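The structure under discussion appears below in the form of structure tokens.
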Amino acid sequence: MTTTERSDPAIRHDWTVAQVQAIHDMPLLDLVHRASLVHRAHHDPSDIQRASLLSIKTGGCPEDCGYCSQSAHHKETGVARQRLMPVEAVLREAAAAKAAGATRFCMGAAWRSPKDGPDFDAVLAMVRGVRGLGMEACVTLGMLTPSQAERLAEAGLTAYNHNLDTGPDYYDKIVSTRSYEDRLATLQAVRDAGIGVCCGGIIGMGEGVTDRVAMLQVLANHAPHPESVPINALAAVPGTPLGERPPVDPFEMVRMCATARIVMPRARVRLSAGRRALSREAQVLCFLAGANSIFYGERLLTTANTDADADAQLLRDIGVPVPAISALEAAE
């Protein structure tokens, strides 16, 4: 636990699943009100971070995650395997994202775990380059060894994303090639290296409410809390085992954002995949409930994202300052 967490009575690391579920199951208006109070006590409500996400190495992943279009196990998703992007190309994308208003640049590689060598060295150069632009840098590369986490920390990495996906009791129905303990070990290596943890999960995969809140309980009981918690709604991709799942009720996203905010008061709650399916009003309700970050740009790895100009207009409409330049203009 950090010194800041010790001095804040709202920070806890002893939640039970039943306690977290009792919060999640509150009447929705009461839940949003409570989450909003916690949010305003710990954050500027007009500060909604824009992060940009780029797939720097796409497809061919040996993992069998049931939701993922990049798994080599799912042959009919239409995602072709590609090599790692050149460093210079990635940094051009980062510069365009910064010009469009993003303050964090996230890079994802479809690996089970990175191998030491030229590709990992290139990722380190990308991290250094993004930091040199004055942006926060986040990567998601799969499982890490402690020495790899230390090298990323030395390169200046702000945060490492490694999602738990769901609660521990439902996890093996989604993934069989990587255990829950594997994921927790990588998160510990990241913490030990002094890198911020970005960790959340996905709803809409057939799990129950208890599985959702169990995931939040695991995260909230880590010390320190993750610096950011992505809340994703399943983007059902044809050709994956979960490709026929129905869409998530928007109120379920609101509940997850609000619950995450209450049990992890200082974390950034990142409204992530599935946001494209939410109305403007549903997104604003998520912001009121404590979400204070979005992915800004046309794509989230291999799936479409909300139009960048529409995002800019929404943020302006609710009083959040954004640059006048659009993402499309920045890339030209």
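The backbone N, Cα and C atoms fix where each Cβ goes, and this holds for glycine too.
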Among CYS106, CYS257, CYS286, which residue shares the [2Fe-2S] cluster site with CYS138, CYS198, ARG270 according to Swiss-Prot? CYS106
Take the Cβ of CYS138 ([2Fe-2S] cluster binding site) and count every other Cβ within 10 Å, whichever protein chain it belongs to. 24
Across the binding-site residues (CYS65, CYS198), the Cβ with the fewest other Cβ atoms inside 10 Å is that of CYS65
Non-local Cβ contacts of CYS68 ([4Fe-4S] cluster binding site) (under 8 Å, 6 or more apart, same chain)? CYS61, HIS74, VAL237, THR240
Using the structure shown, find which entry in CYS61, CYS106 (the binding-site residues) has the sparsest Cβ neighbourhood within 10 Å. CYS61
Relative to the mean position of the Cβ atoms of CYS106, CYS138, CYS198, ARG270, the recorded [2Fe-2S] cluster site, which additional same-chain residues have Cβ within 8 Å? ALA51, LEU53, ARG104, THR140, ALA159, ASN161, SER228, PRO230
